[in-house]
């Protein structure tokens, strides 16, 4: 039995397993470079939220023990990511690649179906707003080029998805 769960960022439970490690890499990256806590405070909350959601999916599939490899991988990743500087830097770059790929997958779906009924323009607009806020915060605190590149790229893609969602939105005529 498969539980098909949809999350607020437009992802399903199949891709949630990729998103949680991205949050872990972001958190570890910012801890590694000793950035101010307020610049990454949301990541521990997002990680906890995703772990709870994954455990819920495993629970309702009737196989909570199948989550053990994921938990072991997350714990091991916390330590492995900072063994060498190049590992954490490479991981951040790979996260950007995965984020870009997920946005293009969303765009491809929208182009293929020509229907944005299941996609929220508000959610993607808020994701764009979040990127703008993170760009400003990064410029004011760390000026980290890796983070700026990621946030600017995500802003452009989030705006593109938002525009595509609005383009394919069906207008509903009110009955008199």
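Glycine residues also receive a Cβ, built from the backbone N, Cα and C atoms like all the rest.
TrEMBL entries are annotated by machine, without manual review.
Quantities reported herein were computed from a predicted structural model and do not represent experimental measurements.
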Range annotated as transmembrane segment - as stated in TrEMBL, picked from 64-84, 148-168:
148-168
When you get a sec, could you say which of 37-56, 117-136 is annotated transmembrane segment by TrEMBL?
117-136
Sort out the residues at least 6 away from either end of the transmembrane segment (148-168), same chain, that have Cβ-Cβ distances under 8 Å to it, and list them.
92, 95-96, 99-100, 103-104, 106-107, 110-111, 113-116, 119-121, 124-125, 127-128, 131-132, 134-135, 138-139
